[in-house]
Amino acid sequence: MAAHQEKKLAEERKHQNMQNDTKTSQGQWGRAWEVDWFSLASILFLLMFAPLIVYYFIMSCAQYQCSLTDPLLDLLTGNKHLSDIWNRTPMLTYRAAAIYSLWVTFQVFLYVSIPDFCHKFLPGYVGGVQEGAVTPAGVVNKYAINGLQAWIITHVLWFANAYYFHFFSPTIIFDNWIPLLWCANILGYAVSTFAMIKGYFFPTNAKDCKITGNFFYDYMMGIEFNPRIGKWFDFKLFFNGRPGIVAWTLINLSFAAKQQELYGEVTNSMILVNVLQGIYVLDFFWNEAWYLKTIDICHDHFGWYLGWGDCVWLPYLYTLQGLYLVYHPVQLRTDYAMGVFILGLLGYYVFRMTNHQKDLFRRTNGNCRIWGKKPEYIECSYMSVDGTKYYSKLMTSGFWGWARHFNYTGDLMGSLAYCLACGFEHVLPYFYIIYMTILLTHRCIRDEHRCSSKYGKDWKCYTAVVPYRLLPRVF
């Protein structure tokens with residue numbers, strides 16, 4: 001009898017410990033439940049100043065030939081007032097509103113109405129309906145992958161217009177750049193606000209929502225994990241990839257067309273920026289199914305950070321190199337241009353091969369060869385909200401044995417190449433490498449905090465085997 005009671009008590013303690021573990025997992029895996037003062041201060045800063053930062057960069061190019069210091073000097077010395085700068089800024093126009101509305105509507109149409117056909121004839125391309133990662137609530141969403149198709153259709157129509165139909169000028173984006181900025185801001189704020197209201201009142205999956213009670217944090221970081229309308233329109237996948245990233249290469253092409261119009265030629269630096277950033281964009285869409293396993297989809301909720309960021313920050317600040325080269329055309333020495341090109345290709349190789357190794361490892365469940373050998377790994381476990389226990393493997397071979405985020409290292413090498421293509425006359429085009437360094441370093445820390453919460457002691461074992469984040473023996 002006593003033995004039976006002891007066994008029963010032990011089972012109850014085991015069950016209670018499992019519940020506690022699950023509760024911890026629920027509270028810490030993914031976006032935070034509670035807001036500390038530093039996070040709140042950072043969020044308030046971004047909400048107030050990020051739109052102004054974007055405006056300042058674009059205005060500096062339009063009114064001050066891309067000088068970041070001259071506007072401040074004019075204001076501090078009293079040569080100009082804020083009203084003088086603002087009055088010279090183009091306002092929202094019906095033309096820009098029509099262009100932007102047509103653009104977004106067209107991308108929505110391509111996203112929801114044309115099933116992917118590229119995977120049927122392009123060897124190695126993974127498109128069509130694909131599954132995402134397990135959410136904290138234990139849900140596995142399905143996604144309609146057709147970004148490469150949308151990119152191809154869009155650019156075929158762009159070149160067909162430029163060379164045959166001539167419905168509009170290839171410089172149309174540059175010519176309406178600031179009015180389009182106001183349109184992008186309207187969409188960014190509208191979709192972020194809608195996502196918050198939806199998260200409160202009619203979420204797609206209530207178990208994957210997080211509400212801290214702090215309005216600013218919830219608005220910025222999002223409430224819903226995977227907000228959707230209908231079965232297939234997924235907010236995160238659409239706004240992360242379309243319309244911003246599809247537009248990236250079109251924006252650069254418009255800048256190149258403007259350079260041709262103004263100076264009668266397209267410089268090798270502009271070609272470098274178009275080619276290197278074009279490779280990055282094409283890689284994104286070719287590997288869109290792999291993107292479903294990244295931090296944006298797997299961890300971030302959808303709020304202003306992604307909604308406004310993808311509509312405004314990405315297309316306007318990631319294309320600063322091309323914009324700068326319209327105002328300051330740079331013809332690089334051949335040897336220097338080749339060095340920049342090689343750095344960009346090397347960065348892309350490291351970025352792509354690092355991600356390929358992880359993807360191959362995941363798809364084969366470790367039954368593959370990395371650098372000619374069977375990969376080593378650490379097996380980890382974690383729990384979803386419903387208490388289901390899952391297992392995953394963290395690879396410690398190949399590039400992933402060098403550093404825990406070596407793909408980011410390759411990304412930074414490519415980012416530096418974009419900036420170096422612009423020469424050294426102004427600091428503005430170097431904003432990208434400065435920003436990406438801060439962003440990816442912060443992502444390392446943010447991602448590892450979540451992994452530590454998710455995997456517990458298993459994560460400590462992993463970091464002991466792979467002690468560096470970005471640069472072996474440095475950081």
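A Cβ is built for glycine as well, from the same backbone N, Cα and C atoms used for every other residue.
A TrEMBL annotation is a machine prediction, not a hand-curated record.
According to TrEMBL, the protein has these features:
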{"type": "COMPBIAS", "residues": "1-15", "note": "compositional bias 'Basic and acidic residues'"}
{"type": "REGION", "residues": "1-25", "note": "region 'Disordered'"}
{"type": "TRANSMEM", "residues": "37-58", "note": "transmembrane segment"}
{"type": "TRANSMEM", "residues": "92-114", "note": "transmembrane segment"}
{"type": "TRANSMEM", "residues": "148-165", "note": "transmembrane segment"}
{"type": "TRANSMEM", "residues": "177-197", "note": "transmembrane segment"}
{"type": "TRANSMEM", "residues": "237-257", "note": "transmembrane segment"}
{"type": "TRANSMEM", "residues": "269-286", "note": "transmembrane segment"}
{"type": "TRANSMEM", "residues": "306-327", "note": "transmembrane segment"}
{"type": "TRANSMEM", "residues": "334-351", "note": "transmembrane segment"}
{"type": "TRANSMEM", "residues": "415-440", "note": "transmembrane segment"}
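In this chain, the transmembrane segment (334-351) does not touch the transmembrane segment (177-197); fewer than three CB pairs sit within less than 8 A of each other, excluding pairs fewer than 6 residues apart. Contact between the transmembrane segment (37-58) and the transmembrane segment (306-327) holds: at least three of their C-beta pairs are under 8 Å, each pair 6 or more apart in sequence. Counted over residue pairs separated by six or more positions, the transmembrane segment (237-257) shares fewer than 3 Cβ pairs under 8 angstroms with the transmembrane segment (334-351), which leaves the two as not touching. Remote same-chain residues near the transmembrane segment (415-440) are listed as 57, 60-61, 66-68, 269, 272-273, 276-277, 317-318, 320-321, 324-325, 328, 330, 332, 337, 340-341, 343-344, 347, 405, 408, 470 (criterion: CB distance under 8 Å, separation of at least six residues from the stretch ends). The list of residues near the transmembrane segment (306-327) in space but at least 6 beyond its ends in sequence, with Cβ under 8 angstroms from a Cβ of it, reads 50-51, 54, 57-58, 61, 65-66, 174, 177, 181, 184-185, 187-189, 191-192, 195, 222, 235-236, 239-240, 243-245, 247-248, 251-252, 255-256, 258-259, 262, 267, 269-270, 273-274, 277, 296, 300, 418-419, 421-422, 426, 428-429, 431-432, 435.
The transmembrane segment (148-165) is in contact with the transmembrane segment (92-114), judged by 3+ CB-CB distances under 8 Å for residue pairs 6 or more apart in sequence.
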